[in-house]
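Visitor: Relevant sequence annotations retrieved from TrEMBL are reproduced here:
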BINDING   G20, A21, G22, K23, G24, T25, R136, Y182  ATP binding site
BINDING   R46, K68, I69, V70, G95, F96, P97, R98, R143, R154  ribonucleoside 5'-phosphate binding site
BINDING   N102  CMP binding site
REGION    40-70  region 'NMPbind'
Amino acid sequence: MEGMRSLEKPKVIFVLGGPGAGKGTQCSKIVARFQFEHLSAGDLLRAERAREGSEYGALIDEYIRNGKIVPVEVTCSLLENAMKKSANNRFLVDGFPRNQDNLDGWNRQMSDKVDFQFVLFFDCPEDVCVDRCLTRGQSGSGRSDDNIESLKKRIETYNNDSMPIIKYFEEMGKVEKIDAKYNADDIFTKVEKIFCESGFQ
């Protein structure tokens with residue numbers, strides 16, 4: 001007989017915030033402290049794009065290069081596969097859902113399969129985000145989109161498409177908002193408190 005895990009739905013926290021809001025940094029701290037597995041929608045897509053023989057590779061490449069959002073079925077499938085392969089039962093889903101289409105797709109494809117907890121929203125002023133991304137690009141992040149032209153597009157897409165999603169979850173009372181302009185350790189102190197209060201040890 002399989003263990004309990006098969007009966008218990010994976011617990012999922014969405015991690016949202018603009019480009020450069022510090023999502024990746026905070027996720028790695030949450031992983032170390034609370035034993036979550038970090039699933040970055042962007043990293044999964046980039047890995048799939050680079051994978052030999054991927055059926056989605058060229059499509060993903062075209063979307064990422066043009067600063068557009070990859071079709072939701074692709075992203076949900078990659079997220080679902082990653083969860084199935086994992087021995088963990090707690091997941092941070094980083095950078096998703098980014099727009100209404102993502103949300104609708106998730107609700108169709110995934111919402112029954114997981115135990116959704118809340119959205120961890122890193123709220124960061126635009127100028128701070130831009131500075132952080134440009135610094136990251138100069139120090140060799142290797143990301144083709146850490147330049148000012150791509151950034152402007154990404155921030156505009158975020159404001160137009162992602163903010164309404166955050167509002168939607170706020171209306172459900174499912175958003176934990178963090179002021180992300182401080183340094184990483186100060187931010188994590190607040191994150192840790194939220195996780196402890198939500199019953200994660």
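Yeah, the Cβs are placed from backbone N, Cα and C, and that goes for glycine too.
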Visitor: Taking the binding-site residues one at a time (A21, I69), which has its Cβ surrounded by the most other Cβ atoms within 10 Å?
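Guide: Highest number of other Cβ atoms within 10 Å: A21.
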Visitor: Which of these binding-site residues is closest to G22 (ATP binding site) if you go by CA atoms: R46, I69, G95, P97, R143?
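Guide: Sorting the binding-site residues by distance from G22 (ATP binding site), the top entry is G95.
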Visitor: CA-CA, which of the binding-site residues R46, G95, P97, R143 lies nearest K23 (ATP binding site)?
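Guide: Its closest listed neighbour, by Cα, is G95.
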Visitor: Helix, strand, coil: count each for the residues of the region 'NMPbind' (40-70), based on DSSP.
Guide: 19 helix, 1 strand, 11 coil
Visitor: Please work out the number of neighbouring Cβ atoms within 10 Å of the Cβ of G22 (ATP binding site), leaving out its own Cβ.
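Guide: The Cβ of G22 (ATP binding site) has 23 Cβ neighbours within 10 Å.
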Visitor: Given the ribonucleoside 5'-phosphate binding site residues R46, K68, I69, V70, G95, F96, P97, R98, R143, R154 in the record, what is the largest Cα to Cα distance, rounded to whole Å?
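Guide: For the residues that bind ribonucleoside 5'-phosphate, the greatest Cα distance is 21 Å.
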Visitor: Of the binding-site residues R46, I69, R143, which sits closest to N102 (CMP binding site) by Cα distance?
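Guide: Considering only the listed binding-site residues, the nearest one is I69.
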Visitor: Output the one of G24, G95, P97 that, of all these binding-site residues, has the highest number of other Cβ atoms within 10 Å of its Cβ.
Guide: P97
Visitor: Near the Cβ of G20 (ATP binding site), how many other Cβ atoms are there if near means within 10 Å?
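Guide: 24, counting other Cβ atoms within 10 Å of G20 (ATP binding site).
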Visitor: Just give me the nearest neighbour of A21 (ATP binding site) among the binding-site residues I69, G95, R143, Cα to Cα.
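Guide: Minimum Cα distance from A21 (ATP binding site) across I69, G95, R143 lands on G95.
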Visitor: Could you tell me the maximum Cα-Cα distance in Å between the residues recorded as binding ATP, namely G20, A21, G22, K23, G24, T25, R136, Y182, rounded to a whole number?
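Guide: Taking every pair of listed residues, the largest Cα separation comes to 17 Å.
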Visitor: Mind telling me which of the binding-site residues T25, N102 has the densest Cβ neighbourhood, counting other Cβ atoms within 10 Å?
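Guide: That would be N102, with the most Cβ atoms nearby.
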Visitor: Roughly how many Å separate the Cα of Y182 (ATP binding site) from that of G95 (ribonucleoside 5'-phosphate binding site), to the nearest whole number?
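Guide: Rounded to a whole number, the Cα-Cα distance is 20 Å.
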